[in-house]
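Data first, discussion second: the structure below is written as structure tokens.
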Amino acid sequence: MNRLIEESWEIWQAGGPLMLPLALLAFGLFYAETRLFLQIRRHVPGVPASLSQTNRSIPYIFESLRERILQPIDRKIRFYAILVGVCPLLGLLGTVAGMTTTFTGMAEPGASNLSFEVAGGVSEALVTTQAGLLVAIPGMVLLSFLRRGRDRIALRYFGLEAKALEQGSLSISTGPSNSDANKPQPRFSTP
């Protein structure tokens, strides 16, 4: 175990100063994406009592409901996509910094540690690029799950709207089946 920690620390140091922003971005991004994923998974679509008591048309009610539920999700997904896109760019910045270190070491007249400086620069270039991709690739996968979950919620609301239009009222069954009646049903909270 100690050897693994030592090797990880050596890799971290070889990556240079951009490893810290990449690590912070990775932890923040995966925490936020996972949290939104769990909220989407627990969402139970339904019509709030305040909307079902209004004199508005059924399409208007469902459009405002979809807007209220889906817009915060869409905003978060767009923001997370930007953060995922920044990760490989930080890795690329590390590549440029590493190559700069390499060429600076090679250009110094009478450099005694030429091979050490070149190796350090190449290592920094490779490690930061790798770290950026290691954050971005799973981030993209999580984004695809978030988008799919968001689309599933939208489809459920379109289905409820179709049922309500078919029946001509909002008194549609949106709750759990009788076997699930005793289980608490989580709702999606909008910030």
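Note: Cβ is positioned from N, Cα and C throughout, glycine not excepted.
Pulled from TrEMBL, these are the features on record:
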- 12-32: transmembrane segment (TRANSMEM)
- 61-155: domain 'MotA/TolQ/ExbB proton channel' (DOMAIN)
- 79-105: transmembrane segment (TRANSMEM)
- 125-146: transmembrane segment (TRANSMEM)
- 171-191: region 'Disordered' (REGION)
Using DSSP, break the domain 'MotA/TolQ/ExbB proton channel' (61-155) down into helix, strand and coil residues and give each count.
89 helix, 0 strand, 6 coil
Positions on the same chain near the transmembrane segment (79-105), where near means CB under 8 A and six or more residues out:
15-19, 21-22, 25-26, 28-29, 32-33, 36, 111, 113-114, 116-118, 120-133, 135-136, 139-140, 142-143, 146
Can you work out which residues elsewhere in the same chain, 6+ from the ends of the transmembrane segment (12-32), have a Cβ less than 8 Å from its Cβ atoms?
76, 80, 83-84, 86-87, 90-91, 93-94, 97-98, 120, 123-124, 127-128, 131-132, 135, 138-139, 142
Mean predicted confidence [pLDDT] for the domain 'MotA/TolQ/ExbB proton channel' (61-155):
89
